[in-house]
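Below: one structure, written as structure tokens.
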Ligand code: LLP
């Protein structure tokens, strides 16, 4: 089955472009809010890194989610889209001074601090402004995730977070600081996680750490378990909306919250992944020595995930119903890794055919580059066509 696209309307649009199905985005947001009603005390922050298109950010903000940012630029994008500063959390191993100052000046909800040295800098910068920064400690839980190694973050070997053994000494240090307030713990184990057992393992780790802190009479206001819920790249039409029910139920079942404690999530891919497709045009169909290539006008500069993570995006020919043939689907960039898929079957393809690369709403447009002096892809919303 092919996705439901307004192919007629695509004919006059310059390719390549991102197509965002905002009806699906709204349905996805609705599904999240339905679950949140079931779990009072749960708060979802949208991970801006997945897609910072201003129109998409605005729709997400209107639905009522907060924002999770990892740079000053993302904080600015979130504020411009109307997210309230007190619904913005800010993580990142390398926060520069201007970024910290921006967070302080705008009174963001929380800095997710990733090292003792960063904490000292935040305290100094906050002192200069006579402010108090709200900070959560990002703890590296040493919990693995069954996903690509480039998007695993919660292992001891990764650069992210504070080692568990350093947690208490750093909390003790915060208590001596005048311009920093300890408001919680933060975790994130990785991305594109489809197996709920991985999140369950994180729950067990959080319980263990909470018990440890509780025995020392340390109270934690907020727990933030990050994001990571994956999407179905193989069959986007069978699972257009991720299984938020099982995801939140996993935490409800296994993470022991204390009375009044809030549980925060930072979902990116699961919110925007399935609503987006990269639409490209076939430039040439070329018979190689041993292979047949479909050469698109979109390349790794528009969608880098296949080149960077060997990610598979479902590919469909929107212009053809001809009998299937086997092709390598590639882009025009001067790099051997500029390949979207090898040896896949597509409906018989010819020059001019429109091709959709599905499930590209997350980490697509935002990771585009201008390598080879190419133009950045633009995006069109379904509701504006
Ligand atoms: N919170 C933190 C601290 C993160 O590092 C990330 C993603 C998220 C939340 C959101 O994760 P999500 O819900 O989207 O899985 N470019 C890669 C993904 C990198 C993810 C980085 N961190 C890709 O295209 O697969």
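Each residue, glycine too, has its Cβ placed from N, Cα and C.
Together with 228, 266, 267, 268, 269, TrEMBL lists one candidate of 309, 327, 363 for binding pyridoxal 5'-phosphate, that being 363. Same-chain residues with CB within 8 A of the center of the 228, 266, 267, 268, 269, 363 CB atoms, the pyridoxal 5'-phosphate site residues themselves not counted, are 47, 49, 50, 191, 227, 229, 270, 271, 362.
Among the recorded positions listed here, namely 266, 269, 334, 363, 363 has its C-alpha nearest to that of residue 305 (substrate binding site). If you average pLDDT over the domain 'Orn/DAP/Arg decarboxylase 2 N-terminal' (28-272) in this model, you get 95. Between the binding-site residues 309, 363, 363 has the most other Cβ atoms inside 10 Å of its own Cβ, all protein chains included. Spanning the residues 228, 266, 267, 268, 269, 363 that the record associates with binding pyridoxal 5'-phosphate, the maximal Cα-Cα distance equals 15 Å.
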